[in-house]
Each structure stands twice: as C-alpha cells, then as structure tokens.
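Below is one structure, written out as structure tokens; the observations come after it.
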C-alpha cells in the first residue's frame, strides 16, 4: 500500500511538468517544419529538445516502474507506454518520435482523474489536428507530386479529413502521409461518436426525467410505507392495552386511527 | 428579486423586436453580396443598417446589465455576449460584424424558453447555411483562383459541406473562406449528432416501454401491498376480539378477512 | 364513430392497390428516362400512366376526406397530402409529379400500421435512391457541362451522396439537380441517424439487462415480501392462541411457523 | 436433443480449423492480385486452394445439415449459407467465390459465442477493408481509365470510402468496382453506427449510475424493510408476553424498541 501511494504521489507531482514538457515538444516539433528557412543550428537544437522531452517521459516510466509494488503487472498493463518509450530508439525517424510522445502524453493525461472526459476528447482532437497537420506537411512537402505545401493547406486538409467532409482539393500522395491521414479519419469518426453520444445521453436523460413507470414505482413504495406505518401503530396500540381491563361487551374504544 | 424580475420582463418584451431586427440584418447583409451591381448609396445604407442592428443588440446588453442585481456575475456568465458586442469595434471587418450579430441573436434565441430544442437547432442550421453561403461568396468572389462565384454555387457548397458529403467541385481557397468552412463543418457534425440523438432517444423511449424488469418490480410492489393490507386486517381482527371471551377449545371463528 | 371506422376500412382496403399503383408509376417514370430511343407514343403513354396514378391518389384523398367526420381537422392534419395532390396541377413539371406521388405513397405507407419502422425506412431509402437517380439523370443529361449521363453513373452518384462519401467524380451542375441532391443528402443523414439509433437502442437494451441497480431493487422487494409473509404468520399464530390457556411461566410453545 | 448436441459439438470442433482455412483463402486470394508477375502455375495453385477452402465450407454445411434434427427448419434459417455454397457453382467468377467465402466465414464467426460483438465488428471491418481493396484492385487494374492501380492506392481508397471521407482522388470507374464500393460504404455507415452506439451506451450507463430516481427507490425500499422488521419485533414481543401476568394498572413495561 505504501508503494502504491508513492507511485500515486509521483504521478500527481509530475503531471503538470510533463504536460508543460509536451507543449515544449510541440513547439520544438513545429518550428523546423513551419520555418523552412531555419538554419542547421536551430534544427539541431529542436531535435535535441525533442529527445530531451522523450527522455523525461522515459524517465517517468522508469520511476513509476521502480515505485510500483507489482512490477510484472505494471509492465503488462502499461505495455503501450513501454512500446512508446522504446520505439524511437529502434529507428531515428522523426515521425516515430512524434507518435510515441503523443502516446505517452495521452496516457498521462488520461491518468489525471481531474481532467473530465469532454476536456480529454477536445484536447486529443485539437492535438491530433495540430500534429497531424505538421506531420503531413513535413512528409508531403518532400513529395514531387504532393499538393500540401503550406501550413494553411495542411490545417485545412486536416479539418476536411477529421470531419469526414473530404473535398479532395488536397490529399496526401505518399505512403506515410496516408497513414497519418488514416489516423486522423479514425479520430474523426471517434470524435463524431463522442459528440453524438454526448447529445444523445443528454437527450435521453431529459426523456427519462419524465419516465412514468419509475414515478409510479416510487409512489407505490411510498403508499406501501404509509400502510406499514399505520399497521405498526395498530400493533403498538394493541400491545399497550392492559389485558383483561375491558370486560366482554364493553363499549368499543375510540378509534385510534381513521381507517380501521 | 425585483431587479431579476425587471430583467426578465425586459428580455421577454424585447425578444420579438430583436428577432425582427435579426431578419433586417440578414437582408442588409445579403443585398450588397447578391446584387453586385448595387451602387455606392445602397451599399452604404446597408452597412448603416447593419451597424444599427448591432447597436440595438449592444444597447440590449447594456440595459440587461443595468437591470441585473449582481452585475459582476452577469458579466462573468455573459462574457460571450460582451465579446460579441465589443468585437466589431476593434476592427471594421464586415465578417466580424456578421459573426458577432449571429452570436448575439443565438444567445437571445436560446434565452427564449418557449422556443424548443428542435426549433432552435433547425433555426440555427438554416441561419448558418444562409450566412455561411453569403460570407463565403463575398470572400471567395474576390480571390483570383476561387471557384465559388454565384449565390447558387455558394448555397450548393454550404449544403455539401454541412452534410459532410464534400464533393470538392467547389471549395474555398482563401484563408477566411476556409475558416467559415470549418464553422460550417463543425455545425454539420453537431446537426448530425442532434438528428441521431433525437431518433435514438425516440427509439430507446419505445424500447423502454416494453421493459420487463420495470414491470416485474411494479407487480412485486403491488403484490406486497396486498399482503400488507391482509396483514393489517388480521391485526385489526385480533385487536377487536374481546379477550377471555372465548374459552379454550372453542370452535374457531369464521375468518373475518378479506372484506371485513 | 361510424365514419371513423368507414375511413379506416377504406384505408385498409385501398392500401395494397395503392402500393401496386406506386410500382406502376415507378415503371412509367423510369421507362422514358432509361430508354432514350423511346418513340413519342411510348413517352405519351407513360405520361398518361403517371397522371392516372396521381389521379388515383387524389381520388383516395377525396374519398378519405368524404368519409371522415371532422373534415376541417382532416384538412389541417393532412395539409401535406393536399399540397401533394394540388402541386402537379399548378405546373406541368414532371419532377413535381414525381415528388408529389412519392409524398402521397410515403404518407399512405406510414399509415399502414403493420409496416414496421425499419421496413419503412429501408423502403424509403431504396425508393429515394431509385427515384433520385432517375430524376438527376433526366435533369443532368440535358445540361451541356453535366457529368451524369448514364443510369449507372446516376445510381453510383446517388450512393456516394446518400452515404455522404461524396467523391466528386460525378456531381450535379444544374439547379434542379442540386435540389434533388440536397434531398438525397438529408435522407442520407436521417438514414445514418436511424441506423445508429437502432444499433444504440439494441446496445443499451443489452446493457440495461445487466443493470445492477434494477436487480438489487427486485431482490430487495422479494426479501421484503418474505419478511411480511413471516410477520403475517406470526400474527396469525398470536391470534389463534387460546388466551389464558397457558399459565405464566409455562414452557414455550413449539414455533407454529413457518409451515403451519 | 442428441442430434442438437452432435451439431453443437461439430460446430465447436470445426470452428478453429475453418477460421484457419479462411486465412489460407485470404492468402490464396491475395497472392495473384498483388504479385502481377506470378506465372501460370502459381495462379492455378491459388485458384485450386480457393476451391478447396470453399469445398471445406460446403462440406461443413452438409455435415451440419445431416446432424440437425429438423432439416427443413435448418435450410429455412440458413438460406444465406445455402446461397453462399451454391453461388460459385453457378458462375466461375472469382468475385462470387470471394463474396460467398466471406459470407460463410462471417456466419460461422457469428456462431462462435465466445467472440464478442466488438471483436466481431472489428474483425469484419478489417476483413472487408482487406478484401475490398484486393477485389477493387483486381477489377480496376483491367479498366483502361481506372485510377486504382497499386495495392497502396486500393487500401488508401478503401479507407477513404469506409470512413465516408471520400476525397475522390481515387474512385472506381467500372460497374463491378462500384458495387464493391457500395458494399464498403454501407459497412462504413454500420461501423460508424456501432462506434457511436458503443460510446453512447457507455455514456448513458455512466449517466444512469447517477440516476437519482433509481437510488431514491432503493432507499425507500430499504427504509420500508427496516420498518417491517421493527414491526415484526413488536409482534414477537407481544406474543411472548405471558398473558394475565401483569395486573391492570401495572406500570408500563420498559420499551422494547427505541421508536415506539
């Protein structure tokens, strides 16, 4: 129990710094993509910052693993975190670093119990839109027959994809760009589902307020309770009567209850 | 309590005039966009009408603020209204005036408690379609490589966007046009959610009518009530019996219940 | 009450012939559009058949109006039927005849209580797809820059529109064609809503089956009933006891319940 | 009952081998489409494997028919299986063999009660995506003006279709390709419905947890049970009292119950 609590305290304590680091990562990821005229020094610095943020999340994973009591169970239930930590080591691909950092941030954000469902979904959608745009832009700009060449086009394309509108005036042409697009589409469907479900739940909750059967039950139970209370008063009256006090044929006592 | 009531009376009293002013705004907004051959006098008159309508809504905000008792709380809960009132002052942009007026109309319409949810959604969708078409038309017609040049095209594009069909035969090419498009897409998703939720709530309400468990409960409660009533009759019979009247071994009395 | 019953009997009796006439209308509508080499005689015959079917539905409306007791109320609640009957008279437009016949068939089909919701929706979708394709084909084939020129293209376009996929390889270019398209899009959204709602209702019904709270209630009520039954046995035992028979300090009687 | 059990045992026993055969079919179907340079021997071998897998499913149908007790009912409730078995015999079309095998696999997978709804839907979607891509690729590659010519394009097109995004950068141009596309679109709508319904059911279940009315009922029933228990104690006390032990006018006994 002590270890569990230490883990919890660590997670609570590192939550805000890690989310701040995620913002730093976002800036370091965006700068070399948006500012194409950036010189080598800036690009190298940004890559270094990305690795530092990834390192912080990796260290967070190791510390949490050290603080937990049942380490085997922790690895089993957090296998996605482990993959996200190990993935960028396997290949020096920029995109993998992005995906794994997004995954780690998402896992930590979901852990924060004070963040409510709707906030989490909205945050995830905004994050996916932003990083999807940047990733597609960096991938498609290299392609000779690509048609997503400015940040504006990339953002516009992300919106038309996520809302499943899909005009087709801009569309990824490379394999990597299309894989990112599939991720955005699936997120869009999930977003649509969450919006619809939210509205539906609200509608149904309002419908249920007027539910007739439920009210009938509550009223039936209340009536029944009334009945039992009256019965108990009757028994109590019966018990307090001094036995043999009234001769046979004595006049009836005054009714202690209206509906005897 | 007196102030609250004064505010309510004001809101009820100004509701219809403000909605009428919204229609006037719509006409004044549409005329210079649809009638491209309109001379300078007409355009100026229309802009003046737009400012007058905006002024009426701004005055409405000020009056409501004056009539409320807790002004700090009013500003906090109506910050969107305040933004909508101040926005067109910051910049003389036609589009900002449109957005802020739409916002103000929407806030007042939502306040009108006699307008039901479905009416509100349908009204919002029709309004967004109409103003979205006009706004995109006025923005895209200026663009050299725009492809939305007539009111028909703009309306058609709005419909394909809001239903998330997105053929791509017409699509905005300017930044402003795309921002309007994103607004239409998000409204379209919300519309889809409301339609689905409405149908789902209706379906589920019908499903629930046949709910077996609920009925079983009500029947169980009724049977229990019957049982308690019989018990009470029993106790009452017991109490009314003159004690010592019957010798041991006397023949059993006829059962007094169920209908004593 | 007699009139109401006469109206009901008429509606039940004419239901099948009217649905059969709707199929005849479908064939008469489709033939001149699909078979472009049809000579004048065939086209005229088909137009005549269309008018006859429309006339049958108009006669049905008149008979129902005659059979009803409260005619003013009938006209008020069936204003859409009246519009559909009068619409084709105002203008000799082929499309209006189609829309009004579809409307009349839909109103009569909805009236048939033995047709279930799902069947009605599926039927409406198939009908709208078929007639939407034919109508768009007949409108767009005339347009010089139209791109829907064969029945295959028209059907394909209808599907991509109704499912809101909207590739944009085919899209209507004329005003009439686009109005038909908007109808198909809205139907598609409604269809999506019905499908989702159906699945959601089924899911929720299954969820509710496992509802813990509900079961806890039923169990609580059953336990309570057991309790009351035991109590009643107790009271009955108390009542049947010959008073004064047992001296104070007598050994306790064997418990008479539960199975006296 | 014996036969029913034999059929059940057969279905349980053949389930895994049949699903393994489905994977073999997938490979045999994919190889000649993906590897266009495959020589005649390989293609013939793959076609043979396809027929063998189809034969295994046909044999499975025959064995299940033989093992069932009420054969007429089996044929009636499994008419889709019969069609799927007979379809490829009627025409030597590769596509029909694919559709019928997919149908048979789907029917057997649905039968496996240990496979849960979500797994089934995800499996069906992945399978439809994969086979839809392969089928469209094999059909469209032959077409002179087709634009789906590589496996990557086909997979990308399948994703944009199933999520109803529909960019239109790739779209089938042949009749067969479009029929496959319609299948994918309808599956996509169903998938969207399942995702939304899943989220909605989860939301509503959470909403219901907080349902006030339900809790009020349970509390009311518990309070009532308390009341009845107290009543029973009262009656028991009344019964165990030695009658005549206390003279009239004796001081009241100590209260046996707190709230008499």
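Please read every residue number as a count from 1 along the shown chain.
Each Cβ is built from the backbone N, Cα and C atoms, and glycine gets one as well.
Record features, source TrEMBL:
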type     : residues  : note
COMPBIAS : D:248-260 : compositional bias 'Pro residues'
DOMAIN   : D:130-203 : domain 'Potassium channel'
REGION   : D:239-260 : region 'Disordered'
TRANSMEM : D:12-31   : transmembrane segment
TRANSMEM : D:51-67   : transmembrane segment
TRANSMEM : D:117-137 : transmembrane segment
TRANSMEM : D:179-205 : transmembrane segment
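Per-class residue totals from DSSP over the domain 'Potassium channel' (D:130-203), listed helix then strand then coil: 52 helix, 0 strand, 22 coil. Listed by sequence, the residues of this chain that lie at least six past the ends of the transmembrane segment (D:12-31) yet keep a Cβ under 8 A from its Cβ atoms are 38, 42, 45-47, 49-50, 53-54, 56-57, 60, 63, 98, 101, 105, 108-109, 111-112, 130-131, 134. Same-chain residues lying 6+ beyond the ends of the transmembrane segment (D:51-67) with a Cβ under 8 Å from its Cβ atoms: 3, 6-7, 10-11, 14, 18, 21-22, 24-25, 28, 74-75, 78, 81-82, 84-85, 88, 97, 100-101, 104-105, 108. Across the domain 'Potassium channel' (D:130-203), the prediction's mean pLDDT works out to 88.
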